[in-house]
C-alpha cells in the first residue's frame, strides 16, 4: 500500500502503533511477513521522519515562543546493545486546535485520552547530536516565552523527554528495534518507562514583545548556535567513554540484561541461554546487601540535593497576559534586567502562586541581594505555576548530570539565580519603605503574586440593601449579557493533580529512605518503611501493566476494519439460508424482547416485594431498637442493683469476719453502718433472751437453795453436816438486778473454786488435766446451785470424772450423800467395777437383779446404809415406791440422750416423784437430731431456766416468725452464725464438751478406711432379682420348676441381707449347699466373707485383735460358723447376753493373755459402755442408718488406755444399697457440726424418698449392665497389696503379710482355684434361666386359668426403712428380763383390745403389754428379723392406752411359694387336729416342705441340719387397712376320737402305753433332783405371753396329751411321742439357746424317746420330718401388722433378752 503524503495527527499515530504492537504480539516471529504489519511499520517510520524533520526545522529557525523544554528521563536507562539508543520525546505538534491560546505558564498534559503526538519517540544518532539545548534569551520578549531548563550534556548521556501519562507506551521507531530479536527488550523498556508531563507550548507573543524582537533576534540565533556547538563538543567528548552516568553497577546491568532475556525466552517458550542462567543463579546464591545499597542510595540522594536546588529556578516561567483595564509598560533600558528577573525567578517550595511583575522604570530592581523589587517596579499579573511531576523528574535528571558538571556551570547557575520573592506586606509598610518613585497597580486576581496588599475598610454601621445591587456607584455589579466568564482549564487542572500525586510519591519515597537510614527509628518502623518503599518501587510496573491491559481492551472493543486480515477474503453472496437465518434471528429477537418484558415485570414485582420487606424490616429494626434500648435500660438498672448488692455483700462479709473473730465491738459498729433491721431485731431478741436467762439463772439458784434448805430441815442429820456448802445471800441476787451489763457466764458461775489435785479417796489412778478441769466445772455448778450436762466425747472418761465429783463432795464438802446414779443395763456392771476400783470408800449398792435380790438390797436402802445407789432406767419406774422416798443430794444420769423425750414415762417419773438437789447428765452425743431434744435435756437439769420448749424452739429455729410475714424466712449465713453464737452463749455455763483431739493428745489416731467388696455371682443374681421383681426365685426339686419366694415387702432390707450373705435365705443355701456342712462355700458366696477370709488370718499372724460389729444376728450366726471353720477363737455379745455374762465376756477378752482374737458384737447391744481398748482393729460389717451408732461402736476400742493406732475397716458392697446408706449416714453427721438446722431435722423418710431411692438403685444397676455389655470393665477387686497397706502398722508386718499372700497364692494354684468368689458357672441351672420369660409364661397361664378375668389389683404399700430416735430408745429404756417375777399386770379390757384395730393409715393403736413383777415385759419393737434382741420398753406407753404400738417381734415373715398356691389341701378326715378355725383355713396356709423363713438354733439342731446356726425370727406385714385378718397362729391342737381310724381295742391298748409314757415324763427328775415337767404342764398365759401365740402355730402342753389319752384319741403310741416332740420343739422355738427351758426340753425329749423305744422294743431312728412340716416346727407366719413408723435399719437385734416361757 502507498503511504499517504500528509501530516499524521497524534491520534492516528497512536492508533497505528497500537495495531502494530498487537500484530507483533499475535504473529511473533512471523510478523514481518504480514502485509498489514509491513504497512504499519512504514507508516510509523514515515510519521517519525516527519516529526524529526519538523523538530529540526524548529530548532534551525530558533523562533521565540515555539521552543520546548527538553526534559531528561528521570529513570535510569539500562545499558543496551550497540543498536539500542535512548528515547527523546518530540516537540508538541503544531497541528493543535487553531483557536487554543496556551500561556507559557500552562502545561499541556499528554494523557492517554488526549493522545498527543509528543508520545512518539525518535531514535537519536550515536553521538547524541539531536539533543539540542534551548538558547538562553535575554531580550524583553522572553517574558512571554516558555522557560527553558538547561540540561547539561556532560559525559554524553542521552536524555529524553517523556510525556506525562504512562497509560500508553511510547513509540520507538528505530529500524533496529523493529527486528524480532530486539522486540522483547523494546517492550520491556516501554513498559518500565515513566511518562512525565510534556513540553509547554507558548501562546503567540504579546504585542509589547514584538516591538523589541528585532533588536535581540540576531543575538538569540547566535546564542542557539553556540549552545549547539557546545553540546556537540560535549557529546563527542563523552563518546570516547561510552559509560553513561547511571545508578546501576556493571553487575546489576548484566543481571538486568539476563533477566530481560530470560523473560523473553519464557514468553516465547524458548530455552534460556546458559550464560544468563549462570548470572541469575549467581545473584540468587549471592543476594545483594540491601543495607549497603540503601546507604549508597542515601549518599547519592544527598549529593543530588544541592544540584536540584540550583536547577529548580529553570522550571518556572511566567507569561504576561493582558489583564482587563491594565496595560503593561516596559522600559527599554532595563529590558535585560527585567528579562533575567522574570526568567530566572525561583519558585518558592512553600508557595505555589506567583505574581508577574512588570517593571515601570529604570529602578525596577531594587536590590538583587535581598531579592526585592525596586520602588518604580510595576506588578504584572500572571497565572500560577504548579510544580508538576515532570519538573520533579527533570530536577532529578539535572541533579544526576550536574554531579559531574564543571564548576563553571555551577558558578554560572548561581550567578543567574534571581533574588527570591518575599511575602506580601501591607501597602502602608511598603510605602514607608519606598517613599519615592513607587507606583501601585491595583490587582483583583487572588491568584496573583503581589508585593503588597490593603485591607478593605469595613464599616460597622448598617449596610443598605440597595448598595449591594447594580447602580451608578458600583458599575462592576452590572451584568453584561453575552459576556461569559473565563472557563476552567481542565488540562491544567489534570496536570496539577498528576503533579501533586507525583510529588507525594516522591516525598513518601524520601521519607521511607530516611526512616531506613535512621538508626534511631524502631525496628517495626523501619520494617514498615521498607514495605512502603518496595510498594512504591512497584508503581512503574503497575502502570505499565495497566497500560498493557488497556491496549488489549481497546483493541477488543474496536470495530474490525479493512486493515485486518479477516477482511482480505472475498465476500460471499447471500442465499436463502441467510434469509431463513435472518428470520430466525428476528424471531429470537422478538422472543428475547418478550422475555425481557416478562423479566422486567417480575423484577418490578420483586422490587415491590423487596420494598415491602425492607419497609417491614425497617419497622422491625425500629422495634428491635426500642426493645434493645429497654433491655439496656433494664441491664443498667440491674448492674446498678448488682453493684449495690456487691457493696452490701462486702459489708456483710466484713460483719461475718468480725463475728467469726468474736470481735463484738467491731461487729456492732459495722452493723450500725449497715442498718440491717433483721440482724438488729435478732440482736435485740438475743439480748432480751439472755437477760431473761440471767434472771432465770438467779431463780434457778434460789430454787435449788430452797430445795436444799427444805431438805436440811426435813432430814434428821445435823445442820453442821452441810456447813461446808457455800451459801449465797439474797442480797447477792438483789444487788445484780440493777446491773444491766452483768455477764451471763459470771452470773452462772459466781462462786469459783480452784481444784489443784484430786480427792485422796480417789485411789484408782491419777486424773488427767482436762479431767481435773471437768471436776472443777462440776464443783462450780454445785457451789452455784446449778445443774449441768457433761458432754465430753466418748472415751474421755466421763465415768471417772463423775466418780471424782462424788468423792470430792464426800471428802472436801463432807456431804455423805445419798447419791443416785442411773445408768443403762449394759453399762451397769462397768460402773460397779469402776466404783470398786476408784472409790472403794464409798458404799455402793447395785440395785438390780431378781425380786429376791432386790429385797435384800431394799432393806439397806431403807436403813440408809449406803452412799451411792447404782440402778437402771427400768427400776427407776418399777421401784419408784422405794427409790422416790429418798431425798437424793445428787442425781447422775448416764447416756442422758435417752431423756430427749420430755414426755416419756422416765422423764415424768423423775420430775414428778423424785427429789434431788442437784442433777447431772452424762452424754457423748447431746445434739443428734433437733433442738427440742436438746431442750428436753436442759429442761430436766434446769427446769426454771428452760421452762418452755415452744419459746426455745421458736427462738432458735424461727426468730423472724413474729415479724409479720406469713412465709417461712430462711436464715442467712450471718444470721445462722449469730444464732449459733447465742446458742453457745446459752449452753456455755451449763454444758461442757471436749473432744479427744483437743484434750487427749497422747491418744493414738483413729484411721477409718472404707473397703469395697465385690459381689459373688450368686449375690449379683439375687440382688438383681430382688431389685427388679421384689422376690427371689429358686428351683423346685420335685418338678424342676422355678418357684418365687414372696413376702419381701421391705425391699431395701432384703437387699442389705443379700449384700451381707446369701445364706440368710435358707432356700438359697439348700440350693447351693444341700448338706448344710460348713465348707469353702460359706465365704465364696459372699464378698465380705471372702475379704475376711484374707484379713483375719493376717491380723491373727500380726497379733492384732479385732472387734466386728453387725446389724443382724443371723449374720452373726453365719460368722460363728465361719470363724470356727478357719479356726479362730471368738466371743459373742448380742441382745441375749445377760448383764453378768457381759462382764465375764469383757474380762475374758481384756485379759492380758487372752486367747480370743475376735469379738463379734451387735452394734446396738455392744456399742455402749464397753471398754475393749485391748483391740486395735474395728470392722464395721454393715453400716447403720444412724451414724452415731457406728461412732459409739468405734469408740469401744478408741478410748483412754489404747496404746496402738486404731484401724477402722468399714465393709461396703460395691454398687449396692450400702453405698447409699453410707452416704446418708455421712449427711446425718453434719448436724453435729452445724448445731442449727433450717427447720426440724429427723431421721424419718417419706415413702416418696424410699421410691426415689429404689429408682436410683434401678437406674444405677441398668447403667452397670450397659457397661458390662459394652465391655467396660467393672471396678477391680481390692488387691492384696492394698489390703496389706491398710492392715500393716510397720514394715515388719508388711513383710509378714506379703509372705502370707504368697503362700496362699501357691496353695490356690496347687488346688487349681481360678476365682475366690463363686462364679456363675458353678451355680445351679435355675440361676441361668431368663426370669422375664418365665414370668411372662406364668402370667399367660394364670390369665388362662382365670378365663380372662385377670388377677385382683394389688394395692401398693410403701414401708419406711427408717426408725425415729424415740423408737430406737425403746431398746435402751428397759433392763434385763426377770425370770422369777410373779406379779402380772392387769389384763387389758375388751374395750382396750378393740382399740388395737388398724387405723386408716395402716397403724395399730394399742397399749403395750407389760408385767409389773412376775411376768416378762413384752414390747413391740419396730424392727424386722430381730430374733435375738433385748426387749425394749417404751416409756410413752404409760401415758396413753391408745398410742401407736410397735411391731411384734419373734416370727419370721410370711413367705408364700408360687408352686403351693394351686396345691390341694389335706383332707379333713386325714387330719387328727382341729382348731377354732376351719380346716381349710388352717391347711391352706401350710406350704410345701421348702420354707422361706428362718429356724432357730434349737430347731436347726433338732432337725439335724448339720450346722448349729440359728435363724433369726422376723415379723409379718399387714394389709395396711380394713379389719384385722383372722389369726393364723395360736391354733388349738386337738385330737378327737371321731378322727381316729383304729379299732377301739387297739386304741385302749395304746392309751395304756401312752399313760405309762406320760407318767414317766411327768415324774422325771434331773441329777439335781428337780422335776423338769413342771413348766410343760400347761400352756402359757395369753395375758402374760401374747407373743407366744403369735409365734407358735399349735401351742400344746402335757394337759393336751392327758386329755387325748383319756378320750382314746391316739391310733398309735407314735402319735403320743409326736405330741411330746411338738411340746419340746415349741419350747425350743420360743426360748433362746442355753436357757433353762431350752435345756430341759432337750433332756426330756431324749429320755422320753428312749422310754418309747423301750416300750416298743424298736431302736430304729425316728423321723419327725413330715410331722414337723405340718404342725409347728416349721417357721410360722405372723398376722399382718403395720406399725406407725418403720424401723430405720430393720436390723435383726433389738438388744433385749427374752424370758423363758413355759409351754
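Residue 1 is the first one shown; counting continues down the chain.
The backbone N, Cα and C atoms fix where each Cβ goes, and this holds for glycine too.
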Next item on the list: Write down the residue from 86, 176, 716, 1496 that Swiss-Prot flags as phosphoserine.
Entry: 716
Notebook entry, point to check: Of 383, 925, which does Swiss-Prot mark as phosphothreonine?
Noted result: 383
Check: Under Swiss-Prot, which of the candidate ranges 1346-1357, 1358-1369, 1418-1429, 1502-1513 is annotated DNA-binding region?
Finding: 1502-1513
Next item on the list: Among 93, 358, 1471, find the residue to which Swiss-Prot assigns the annotation phosphoserine.
Entry: 358
Next item on the list: Can you dig through Swiss-Prot and tell me which residue of 439, 543, 669 is labelled ubiquitin cross-link?
Entry: 543
Checklist line | Candidate set 710, 760, 1340, 1660, annotation phosphoserine, source Swiss-Prot, matching residue | finding: 1340
Check: In the domain 'Bromo' (1542-1655), how many residues does DSSP call helix, how many strand, and how many coil?
Finding: 76 helix, 2 strand, 36 coil
Checklist line | C-beta crowding around residue 543 (ubiquitin cross-link), within 10 angstroms | finding: 18
Notebook entry, point to check: For the domain 'Bromo' (1542-1655), what is the mean per-residue pLDDT, to the nearest integer?
Noted result: 86
